[in-house]
């Protein structure tokens, strides 16, 4: 079903939800620890997917899974559990904008993992894109070199965020393998269920009672964000070309920076403005260009060659 306008709208909804998420999370973390937030996000997503699959009569048939499939599923659960926790935890030390500027690295980690595991090839556009991202990150962090040398809290937050990105690649590889026996939503349901079970023993439910009005609404938003963002992303892919969806998604770091400035304008005491100089903004733009080239550079080159012939 090709509906470009609907596809664009769903993609923009996805970008908006993902851009706002770390900003809202950062305001919630002083009131609730990362593991409890993650528990509620996974629980909500698991329940929502259960009813979606139940009413569509597509609940996963676990008998289809062999021993190796179960091992891969467990790996997917552990890796996504770790990714969500580390992403949330890193926001105690770095800004929302910084976390999203680092995020495009996961696509390059995915490429390298694909080469090692699935023997895929690296395209020229991937290499050029990676160079843009490296230069962009060097400029983005131009004010923070001393922090890295001292390995202070900020540097620790960057390390945690990078770890979250790398662990997500493990989940993505596990999902790709499981797609041979299960549908995407079925995998997500099983993984989300496994993840909230992992966090059940360590979640602190008493913290819910101590939430402020903002904290309560922020928790609700974060839980619903997990459902609607991935739902909108799936709808976008169903209605628009993957390359075009990927192109819009590369704008996520810029969208997060803009959202952070808007949030700071509305409530500067709760949401401090990003502390970035001109070079940092240039760096963020280069990261976006690099992610764009990696995502659709080969598609554009191929389209150009077809036009010339």
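Sequential numbering from 1, following the chain as shown.
Cβ atoms are placed via backbone N, Cα and C, with glycine included.
Here TrEMBL flags 6-141 (among others) as domain 'EamA'.
On the 0 to 100 pLDDT scale, the model's mean across the domain 'EamA' (156-294) is 90. The domain 'EamA' annotation in TrEMBL covers 156-294 (among others).
Outside the transmembrane segment (5-25), and at least 6 residues removed from its termini, the chain residues within Cβ reach (under 8 Å) are 37, 87-88, 91, 96, 99-100, 218, 221-222, 225, 228-229, 232-233, 235-236, 239-241, 244-245, 248-249, 251-252, 255-256, 258-260, 263, 271. For 5-25 (among others), the entry in TrEMBL reads transmembrane segment.
Within its own chain, the transmembrane segment (37-56) has Cβ neighbours under 8 Å at 25, 28-29, 81, 84-85, 88, 185-186, 188-189, 192-193, 195-196, 199-200, 202-203, 219, 222-227, 230, counting only residues six or more beyond its boundaries. Residues or ranges marked as transmembrane segment in TrEMBL: 37-56 (among others).
Taken from TrEMBL, the feature transmembrane segment applies to 68-89 (among others).
Taken from TrEMBL, the feature transmembrane segment applies to 101-118 (among others).
Look at TrEMBL and you will find 125-142 (among others) tagged as transmembrane segment.
What TrEMBL records for 154-174 (among others) is transmembrane segment.
Feature annotation from TrEMBL assigns transmembrane segment to 186-202 (among others). Distant neighbours of the transmembrane segment (186-202): 35-36, 38-39, 42-43, 45-46, 49-50, 53, 58-60, 73-74, 76-78, 80-81, 84-85, 171, 175, 178-179, 230; these residues of the same chain sit at least 6 beyond its ends, with a Cβ under 8 Å from one of its Cβ atoms.
The feature transmembrane segment is assigned by TrEMBL to 214-233 (among others).
Among the features that TrEMBL reports, transmembrane segment is placed at 245-266 (among others).
Only residues 6 or more beyond the boundaries of the transmembrane segment (278-301), in the same chain, are considered here, and those with a CB under 8 A from a CB of the stretch are 97, 101, 104, 107-108, 111, 123-126, 128-143, 243-244, 246-247, 249-251, 253-254, 257. The transmembrane segment annotation in TrEMBL covers 278-301 (among others).
Under DSSP, the residues of the domain 'EamA' (6-141) split into helix, strand and coil as follows: 110 helix, 0 strand, 26 coil. When the stretches 68-89, 101-118, 154-174 are ranked by Cβ pairs under 8 Å to the transmembrane segment (245-266), first place goes to 101-118.
Below 8 angstroms of C-beta separation, residues 126, 129-130, 133, 136-137, 140, 158, 161-162, 165-166, 168-169, 172-173, 176, 250, 252-253, 256, 283-284, 287-288, 290-291, 294-295 of the same chain, each at least six residues beyond the ends of the transmembrane segment (101-118), sit close to that stretch.
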